[in-house]
Each structure stands twice: as structure tokens, then as C-alpha cells.
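Notes for the one structure printed next.
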Amino acid sequence: VHEIVLLGLSQPRVLSLALAILLLLSYTTVLLGNLSIILTIRAEPRLAASPMYYLLGNLSLVDLCYTSVTTPQMALGLLSGHATISLGECLAQLFFLHFLGCTEIFLLTAMAYDRYVAICQPLHYTAIMSCRTCARLVAGSWMGALAHSLVQTLLATTLPYCGPNRIDHYFCDVAPLLGVVCTDTSLVEILVVSNTGAISLGCFLVLLVSYGVILAALRRCSAEGRRKALSTCTAHLMVVAIFFGPCIFIYTRPFSTIPADKVVSLLATVVTPMLNPLIYTLRNTEMKGAMRQLWGRWVRAEK
């Protein structure tokens, strides 16, 4: 097999155009939203010096790259009717999909740790969440995700692909790609679940425990401090639920392809990166104020 036919992109012409327009609109929203967050954090020294916003800026960068791995290719495939991808491009897409997705998982876990320190150990927050610690958390997230994705991709490259060269999906992922393999894949499925599935479920459980501890600690805070902390933690929990739900659904069960897989995969790769900027800006008074100030400066500079 040298080419993979993506049956998910083989749609009637009218439906293909509608789907392509929706994908392009969502991709534009992702670009504008995440770029706005990154530029605002970089332009405001007060936000750039904050560990929470430093991590949020990295999360926005990952979201921007993550959706760029699949969304443009899907939109172009739907517009052109060209539903094939070379095996090499398919494996490259698989690598970056898992690399960036796993980076997001680790960054969300690091952000939960940051909130835990801020709420449960506020007097030591500056010392614990120093610039060096933040840089190490971000570097560890990228390096850990790189190791995970390399293992996943190297495992995929060793398999014999001999057809049929059709997968019922919109892009290349492990589960649909195993349908092209002409050998027993039981061991591969176990390895993938123990790798990707364990990371997704393990980090999700750690996040639930950490936020449980945070919510318990909020009883000792003042009413105003409790309100601010709850606002921030609620935004984080919404992102966690939206992102981890599809990951756990796809990677912690046997790889029997069902129609819901395609919808859930689109939710993870398209909808989640689009919602993250909305959640983190609409529920964050400080970020909204910084964006208004930055926009005001640009308007005055233009005049």
C-alpha cells in the first residue's frame, strides 16, 4: 500500500462543500482566538510574568498547531474531492497528531498543578512556580509527548500494510490505520491502549484528584478569593472534560471502529481547539481587560 483512501472525505458534492466551509470557519476561529491569546500574553509584561498565563500561552500554541495537522487537509480534500493521502504523509500526520495531543494533555496537567500551588500553598507560590519551574514543566511536556509519539509512530512503521487501502475516517489515526494491516494486530492494540490510553486516563484521574483537593481547600478562602479561584478552576475543568472525553473514548477500548469514532475525533481535533480560547477569555476578566487594552493601543496607533 502506497496510498490511503480516506472514505470520510468521499462525500456527495453538496455535503462536501458544506463540511469544508464549516471546517474552514472553525479553523479561522481557532487561528484568531489562539493567536489573540498568544499576542496578548506576550504584549502584556504582567501576564507574561505569570506562571498561569505562561502555561496558557503554550497551550494556545499547541492548540493552534494541533488543529493545523488535520483541519486544512480535511477541508482541501472535501473541496477538491481528492480523498487520498500517501502512506508516508499518513504516518507523518499520525506522529504530529499524537505529539501535539499528548503535549496538550501534559500541559493541562501542569496547569492543574499551578492552580493547586496557587490555592493550597499561596505563600510559597512565587518560590515554587518560578520561571525555571515553569520552563521545566513546559519542556517536560514537549519532551514527554515527543517520546510517546515516537514510540507510537515507530510501532506503526513496522507493520505490513497490504490493503484494502481504505479507511473510514477523515484523517490518519492508529485505530483506522490498523484496518489496512494484513497481520494480527492484537498485540499492537494492547501496546497502544497501554501507551496512549494509560496516559489519557492516568492524567485525567490525576486532574480529578487535584481539582478535588483544590475545591476542598477553597473552604478556607475568603468569599472573593473563592469566587476568583472557582472561576479559573471551572474554566480549566471545562477544557479538561471537552478534551479528555474523546481521548479516553477512543484510546481506552478495543479498536473496533464504530461510526461515533469519526464524530468524536472531529470533536477532539476541531471543536476543542476552537472552544479553548472562548472558555479562557470569556470567563477570565483579567484576560478580557488585557485584550481590550491591547486592542485600544492598536486602534490609537493606527489613528
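For all residues, glycine too, the Cβ spot is worked out from N, Cα and C.
Pulled from TrEMBL:
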TRANSMEM  15-41  transmembrane segment
DOMAIN    33-280  domain 'G-protein coupled receptors family 1 profile'
TRANSMEM  53-71  transmembrane segment
TRANSMEM  91-113  transmembrane segment
TRANSMEM  134-151  transmembrane segment
TRANSMEM  197-218  transmembrane segment
TRANSMEM  230-251  transmembrane segment
TRANSMEM  263-282  transmembrane segment
Criterion met for the transmembrane segment (230-251) and the transmembrane segment (91-113) (at least three Cβ pairs under 8 Å): yes
Most Cβ pairs under 8 Å with the transmembrane segment (15-41), selected from 53-71, 91-113, 197-218: 53-71
Cβ-Cβ under 8 Å with the transmembrane segment (134-151): same-chain residues at least 6 beyond its ends: 51, 54-55, 58, 95-96, 98-103, 105-107, 110, 113, 195-196, 199
Tertiary contacts of the transmembrane segment (197-218) (same chain, 6+ residues out, Cβ under 8 Å): 102, 105-106, 108-109, 112-113, 115-116, 119-120, 148, 225-226, 229-230, 233, 236-237, 240, 244, 247-248, 251-253
Long-range Cβ neighbours of the transmembrane segment (53-71) (under 8 Å; 6 or more residues past either end): 23, 26-27, 30-31, 33-35, 37-38, 41-42, 47, 93, 96-97, 100-101, 103-104, 107-108, 110-111, 114, 134, 137-138, 141, 170-171, 269-270, 272-274, 276-277, 280, 287
